[in-house]
Amino acid sequence: MSTFYTVISWLLVFSYWLLIAGVTLRILMKRRAVPSAMAWLLVIYILPLVGIVAYLSFGELHLGKRRAERASKMWPSTAKWLRELKEYRRIFATENSEVASALFQLCERRQGVGGVKGNQLQLMTTFDDTIKALLRDIELARNNIEMVFYIWQPGGLVEQVTSSLISAARRGVHCRILLDSAGSVQFFRQHHPELMRTAGIEVVEALKVNLFRAFLRRMDLRQHRKIILIDSRIAYTGSMNMVDPRLFKQDAGVGQWIDLMARIEGPVATTLGIIYCCDWEMETGKRLLPPPPDVNVMPFEQESGHTIQVIASGPGYPEEMIHQALLTSVYSARKQLIMTTPYFVPSDDLLHAICTAAQRGVDVSIIVPHKNDSVLVGWASRAFFTELLAAGVKIYQFKDGLLHTKSVLVDGQLSLVGTVNLDMRSLWLNFEITLVIDDAGFGSDLACVQEDYIARSRLLNATQWQNRPYWQRIVERLFYFFSPLL
């Protein structure tokens, strides 16, 4: 009997080390950043079983077999639609400003579609203004309303949006809503989905959280886009979730969330539409394409207006696209660079680009929240401040709530607004959306918003920062080491 237990023990030990060796080899063979690989190896060797389970669940990008098959099947029809769109050459910009030309060229070559002109943009800096405009657009909608959000939380002014959508559906408008399962978990636990479906609104739970399928699809892959489309000619996108900030996370101790949305009329709504259709088909298996270009685009052909490129990122889209776009933007800066983000955990390449910009004389400012709703990200962000301050970057800590806006302004001309945080999850993992605007007028509007943020912020003093308690430095470095996993 003792021999049997001895054999079993040796088999368990052998299997244990074989499993660790196998996962280690898998990490080393995957093409990933060295800091990320080292962080995962550290977790696995310090907490072997926990680390292995965590890596198999969250360490690799698994879209899921069914979604991957749908993505493969939908591409031919999507490619055909894009070819038809490109036949309308008059809507595409042929010239860009000097600071924007490299980025627009990158986007066109990698995504296959150039930036479109003739768009009218309106920046909205408050939740109330956004909802007021949205309710008016929903009331005037005649054909279709599509929405995708990470978080939809009933209550406050959101109830008016729900009622307006129900009214639209009852008068024959096709309404489709795609909501992330994890972000909108409270919504799906309440009666609102059934209420909306009864009225004829299609409500779909995207990327459902299922622990039993954790090894088949990455559970922390999230649908982080925020897009509203109305009659395929009006679009909204930005950082705002469908939540009333007066009611959302009031117990987090960070104040109300501050967001930025853009309302757009013009051909870029068509570009956003095809992205929404891809997300819809990937989640439901149902094909849904925007109206033909000759119906949808022609009314907006004009020489005036804003030139916009759309960057869609996430599984199934050009790899590292948003990361490359941010790097290109930073390296294009010659005079000024202002970046706003709630979560700042940049890649080594992005951090180096930002520091290099400051060191070559660019006026670089980064605006982040003073208090963060994520303790882990908050500490990890602080770990980068010393290097940024040493390079001459100005760091502003917003003190009037949780600044949730995601924006980049380069030389007052090139603007990036959307859903992308300057952290690893947005750069490498989640489904995100970004508008790239080449327009000095819009840049001036965005600069005014950023100046308002700065006026409500505290400039981080380099000397005071160097004198912070030693225990804080230890905590910062600890989270810095694990920042590739956040």
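From the backbone N, Cα and C atoms, a Cβ is placed for every residue, glycine too.
What Swiss-Prot says about this protein:
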TRANSMEM  3-23  transmembrane segment
TRANSMEM  38-58  transmembrane segment
DOMAIN    219-246  domain 'PLD phosphodiesterase 1'
ACT_SITE  His224  active site
ACT_SITE  Lys226  active site
ACT_SITE  Asp231  active site
DOMAIN    399-426  domain 'PLD phosphodiesterase 2'
ACT_SITE  His404  active site
ACT_SITE  Lys406  active site
ACT_SITE  Asp411  active site
Checklist entry - Asp411 (active site): which of the active-site residues His224, Lys226, Asp231, His404 is the nearest Cα neighbour? => result His404
Checklist outcome for this item: Given the domain 'PLD phosphodiesterase 2' (399-426), its same-chain partners at Cβ distance under 8 Å and 6+ residues beyond its ends are 36, 97, 99-100, 103, 150, 220, 222, 224-226, 237-240, 245, 249, 252, 254-260, 262, 311, 313, 322, 325-326, 329-330, 332-347, 350, 367-373, 377, 432-440, 442-444, 446-447, 449-450, 453, 456-458, 483-486
Next on the checklist: What residues elsewhere in the chain lie close to the transmembrane segment (3-23), defined as a C-beta under 8 angstroms and at least 6 residues from its ends?
Outcome noted: 44-45, 48, 52, 55-56
Checklist outcome for this item: Row Lys226 (active site), column other C-beta within 10 angstroms, all chains, value 23
Checklist outcome for this item: For His224 (active site), the number of neighbouring Cβ atoms whose distance to its own Cβ is within 10 Å equals 25
Item to check | Beyond the flanks of the domain 'PLD phosphodiesterase 1' (219-246) by at least 6 residues, Cβ under 8 Å | outcome: 57-58, 61-63, 124, 127, 130, 134, 137-138, 141-153, 155-158, 161, 178-180, 182-183, 206-207, 209-211, 256-266, 268-270, 272-273, 275-276, 279, 290-291, 296, 299-300, 315, 401, 404-406, 417-419, 425-426, 429-433, 435
Item to check | His224 (active site) versus Asp231 (active site) - Cα distance in angstrom | outcome: 23
Item to check | Distance from His404 (active site) back to His224 (active site), taken between C-alpha atoms, in Å | outcome: 13
Checklist entry - By DSSP, what is the split of the domain 'PLD phosphodiesterase 1' (219-246) into helix, strand and coil residues? => result 0 helix, 11 strand, 17 coil
Item to check | active-site residues compared (Asp231, Asp411) - the one with the fewest other Cβ atoms within 10 Å | outcome: Asp231
Next on the checklist: I'd like the number of other C-beta atoms within 10 A of the C-beta of Lys406 (active site), please.
Outcome noted: 24
Next on the checklist: If I restrict to non-local contacts, at least six residues apart, and a C-beta distance under 8 angstroms, what lies near His404 (active site) in its own chain?
Outcome noted: Ser239, Met240, Trp257, Ile258, Asp259, Pro342
Next on the checklist: Let's see if you can do this one: DSSP helix, strand and coil counts over the domain 'PLD phosphodiesterase 2' (399-426), in that order.
Outcome noted: 3 helix, 12 strand, 13 coil
Item to check | Average pLDDT across the domain 'PLD phosphodiesterase 1' (219-246), rounded to a whole number | outcome: 94
Checklist entry - How long is the line from the C-alpha of Lys406 (active site) to the C-alpha of Lys226 (active site), rounded to the nearest angstrom? => result 12
